[in-house]
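Enquirer: Below are the features listed in TrEMBL for this protein:
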TRANSMEM  42-63  transmembrane segment
TRANSMEM  75-96  transmembrane segment
TRANSMEM  116-139  transmembrane segment
TRANSMEM  151-175  transmembrane segment
TRANSMEM  187-205  transmembrane segment
TRANSMEM  225-246  transmembrane segment
TRANSMEM  334-355  transmembrane segment
TRANSMEM  386-406  transmembrane segment
Amino acid sequence: MDQSKDENNDDTAYEIDSNCNQDRIEDGREALESTSKHDKRLLIKLATLALASFFPQAFYTFFDVFAVPSQLSLGIPIGLTLIPVILATLIGFFLIPIVGNLSDRCTSRIGRRRPFIIIFLISVLTSAGMISFSRIIGLELWPHHLLIGRIILIVGLIIELSCCSILLAPARALVMDAAPIDMQVTANSLITCSAGIGAATTTAISGINWKETPLVKIFGGQIEVAFILIASIGIVVILIATTSYAEVPYTIIGSTDVLIHKSSSRKSSDDLNMFAKDCKTYSSIQSTVIQKDQMEITDTLTDDKLQAITAKEISNWNHLYQTYYFTKTMPKELLILWIASFFSWLSYNSFAYFLTDFVGQSIYHGNPLAAENSTALHRYDRGVSVGSWGFLGCTIVSVVYSLTLGRITKYIGNLKFYFLCLNKL
């Protein structure tokens, strides 16, 4: 009788222990699947880091608004105004992957991304100042001649556009480094939102007629005042983004603790390690999942006929050959997306680059070469300001859809939403 009671007690204890282990396994699975989407502190951190994209996008829009009007006002023919864009695009094509690679391997004490953000921040400010004050500097160096002013302007345009494009890479990576796997989409939305706010700030400032304010007497003109205000706001914002949180050093990126942390922001690495020690079946479950994922990745690579290469091999390759290699071997779906993005950006940039000049000349019938304080010049400047407000509408739309993109695609699907946007264009 006693023996049967002992056996029953053992069975009950075994069942309780099994249930406990099962509960721990379920908790571990939930931890690995991550509930970090509900971590408000992490969301605030990502939103703060995303402010780093405010500055480059603000000055990228500054380029769109003032590039053509500035060149025309110095007598540069309309057919030559695309030269800075072409040269800056070529420079960015070569330097962006190189800077990105150097940033990934940077071992600076202040972080991997911050050194490059600082360098290109200074470059953008310097080049934007050259654009804004090119006429004043040129006339001071060579009175009654615009040649030096034209040279300063063109050089400034090339440097600013290329540096803004390059600066976006470490600014985006600063956010993505801190984002867990399950919050990558949210991080991208925050980056787009921050960039949109930067563009909206520039368009709003550029759309105000500063010639009727005392600031013009201090700084010299519409573009000079706009530059000073945008630069002041941009510096404050990027300082907040780069100094609020410590960046994860390069040497810790590959550690197990960080990888575990990226799987869940609710569970610390110590808690998950204790869970792994307490639950004997955890390792087998995790290894099974990893093996399954590796088999799926291997099958995908085999189907697409891609070659496996190591990070060391990639870092030592010529960067142009890297681009060619990955373009040649990318899946068809990614190639189609790449081509669509190319033509989408080509059409948008063509629209954005000439918008303010089109409004100033064709709608307001102004003349950028008219005499100072003339009616024709006043109409042109007014048209440029109105064109800036047109940019503001575009940026507001981009901010709204960046915040609602996940919900929209959830209901109508990615493909339908993409073709809907194409039809709107």
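For all residues, glycine too, the Cβ spot is worked out from N, Cα and C.
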Enquirer: Check the transmembrane segment (75-96) against each of 42-63, 151-175, 187-205, 225-246, 334-355 and return whichever range has the most CB pairs under 8 Å.
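Expert: Maximum Cβ contact count belongs to 151-175.
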Enquirer: Below 8 Å between Cβ atoms, which of the listed ranges 116-139, 334-355, 386-406 makes the most pairs with the transmembrane segment (42-63)?
Expert: 116-139
Enquirer: Do at least three C-beta pairs under 8 angstroms join the transmembrane segment (187-205) to the transmembrane segment (116-139), pairs 6 or more apart in sequence?
Expert: no
Enquirer: Same chain only, please: residues at least 6 beyond the ends of the transmembrane segment (116-139) with a C-beta under 8 Å from a C-beta of the stretch. Say none if there are none.
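Expert: Those are 52, 55-56, 59, 62-63, 66-67, 70, 73-74, 99, 102-103, 106, 145-153, 155-160, 163-164, 166-167, 169-171, 174, 220, 223-224, 226-227, 231, 235, 238, 242, in sequence order.
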